[in-house]
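What follows is a short report on a single structure.
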Amino acid sequence: MESGGHDIDEAPVAAPEADPQESFYRRLIVMVTVVGGLWRVGYLIATKWHQRLRLNDSFYYSSQAWQNAHGHWFRDFLGTHPAAEHAPLTSILLMPSSLLAHHEFWQRATNTIVGIAVIPLIAMVARRVGGRRVGVIAAAIAAVYANLWMNDSLIMSETISTLLAVLALWFAFKHRDRFDIRSALVCGAIVGLAALARSELVLLAALFALIGVRSHPVRVWAARSGVLLLTSMLVLVPWIAYNVPRFHHVVLISTNEGGALGGANCDDAYSGAALGGWSLLCVVDNVDRPEEDASDRSIRLRHDALSYARDHASRIPVVVAARIARSADLYGLGDLVRFDVGEERARWASWLGIVSWWALAPLAALGWWRQRRVNGWVLAAPAIAVLFTTVVFYGAHRLRSPMEPVTVICAAVALASWSPVASCLDTFIERRRR
């Protein structure tokens, strides 16, 4: 599927592990991963070594991981009430590092390691999409792309959810190619895990279930899609069952839905600098009630948010347009950066991420267009999930994170098809191999 060049073209071989081109390709990916890893570790040490947590979502993830590690499973930071403010997987992942001295730094380091692993995984998916050249270019972009690495030193869910989104893409491609019960099971399980990291990623189950709808008999497709959907839901069942006796109402993944809607449907988010965004003040001003648990409060905040939206229905088209424009870095840049800084991202890194997005997004659109007939639906799925989440909730860089790997992969497809880039890459490879 690659165009031009011969040094890293795909060719069928009897023993891929003995293929010198394959061996050199793998060394390239390792080298790029090392460079990206060194940058991430350097950024972690330089900017986060002594940084204390702020009162944002990182405080929840960190304190929840610490509570879990010390036997107080999913309690609030005071240990007095059950907590499920966010999906559980990130806090579980951070439990081992929570047992160490200076645990906040080691929690950041854990996420940094996960972020480094994203680089070769993106290369793996990119190679499946467009061959070795696309894999190398995608790895190089992923190594330096600010919208990936600036999340890796945060105690947040973006990094682990990005890794699982990439794995979901990989297994979605496998499912498309094999289209058997086993591939549906594995793809569904990975999507279920991704939803336990970021609840909106459950949307991938419905999107990936449409794989094969036009290329297979209806009965075969229905059986496979049913397995995929059922498996993704079954992965969530233990967490849902665990929460049933802990809250007044059923909690599917988290109790954060009401707060997310409440901060996105209020005066601050319907006009002014935060138009299309999210306001903490709108949630803080809505004080807790003594008789409420977290599920009660989420339901009340959701009710208030939907009531506000109905009362201001004439503003919804403007607000939704602003949400989408914010997600595309076309509106509200100052407020987006302020939001990022409040979540402990460096101001300069946030601006670099915006400029990087401006450079990659048009290339990604071109790359997706080139792939639309063969790989278009699978590559579009994360973007569709992000668009849905943005329209329903608000526009922010963190909500865009599940589609950043697709942005990288599709941009790599576009660059690999451009003859000057292909020639430069082939020349570099030839010199390195001599």
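Counting begins at 1 with the first residue displayed.
Cβ atoms here come from the backbone N, Cα and C positions, even for glycine.
So that you can see what the record holds, here are the features copied from TrEMBL:
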TRANSMEM  28-46  transmembrane segment
DOMAIN    86-240  domain 'Glycosyltransferase RgtA/B/C/D-like'
TRANSMEM  133-149  transmembrane segment
TRANSMEM  155-173  transmembrane segment
TRANSMEM  221-242  transmembrane segment
TRANSMEM  348-369  transmembrane segment
TRANSMEM  375-394  transmembrane segment
TRANSMEM  406-429  transmembrane segment
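Counting only same-chain residues 6+ beyond the ends of the transmembrane segment (133-149), those with a CB under 8 A from a CB of the stretch are 1-2, 5, 8-9, 25, 28-29, 32-33, 35-36, 39-40, 43, 115, 118-120, 122-127, 162, 349, 352-353, 356-357, 360, 397, 400-401, 404-405, 407-409, 411-413, 415-416, 421-422, 425.
Touching of the transmembrane segment (348-369) and the transmembrane segment (28-46) is ruled out by the presence of fewer than three CB pairs under 8 A, sequence neighbours closer than 6 excluded.
Comparison of 28-46, 155-173, 406-429 by number of C-beta pairs under 8 angstroms to the transmembrane segment (375-394) places 155-173 first. When pLDDT is averaged over the domain 'Glycosyltransferase RgtA/B/C/D-like' (86-240), the result is 97.
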